[in-house]
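Written out below as structure tokens is the structure these notes cover.
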Amino acid sequence: MSAPGALRQIAGRAVPARCSTTVSSITRIPSNAAPFSTTAPKCKRKRKTRDNNPQRGVSSLYGSGPRYRLSVSDMPLPKPADYKPTIDVDKSHGLWGFFPEPGKLLLTPAETEEHGRAWTVEELRRKSWEDLHSLWWVCVRERNMLATSKAELVNTRLGFGEREFEIRDAEVKKTMRAIKHALTERQYTWEDAVEVAKNDPEIQSGANGLSYSPSAYEEDIDEEHGWQEVEVEKDAQAAVAGGAIPEAGSQQKSPEATR
């Protein structure tokens, strides 16, 4: 058996431990108690759906909108003013050349077919350099307008007019090829004339280009006789300078005639 002193020590240790357990249980605040606050609770009610999605029914694709009325719906929204600024556009602006006329986007198929034939090389040979230059840029402007019209047909997907534009564009291309042909002929003719002028004694090449100095002028020619008498005199002078007497117009008599 244990001594009575040992039993007292065990009993003294057990009593303080039981008291501390009682004090801690009294001072502990229960977890399910509501906090003390003076703030009003939130009044917004959340409607639950089957999948717990509060945005169910709000679609940006179909424009269905929310299922309940929002506070913004009661506010009057400002209406846009019916105002269109007027901009002054110059009707003679160069960019209007890409369109049939100012303010008109496309030509109708019937209007597109109203065009003439292409210019031929024979017709363009009689034209001056200024006329060919002007006609070339008229063709360039016409092709720009047709290219813009083709692009608009593709963008708008109208489904008509493409064949008419291609036929008209082909006629413009023929004219431009004829202009190049006529100018190429003139270039070759000029190059040949330069080679001939190098061997011509009446044309003297200097620092300022070729200068033409004819041996006979029109004011020295008698109108009654014309150029034929001048040519005969030139032949006679050349024969005398060379020591020979020309047969035509000779005044010497033959030995048989003197007998």
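For all residues, glycine too, the Cβ spot is worked out from N, Cα and C.
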Region 'Disordered' per TrEMBL: which of the ranges 128-149, 172-193, 238-259 is that?
238-259
Checking feature assignment: region 'Disordered' per TrEMBL, candidates 93-114, 203-224. Which range matches?
203-224
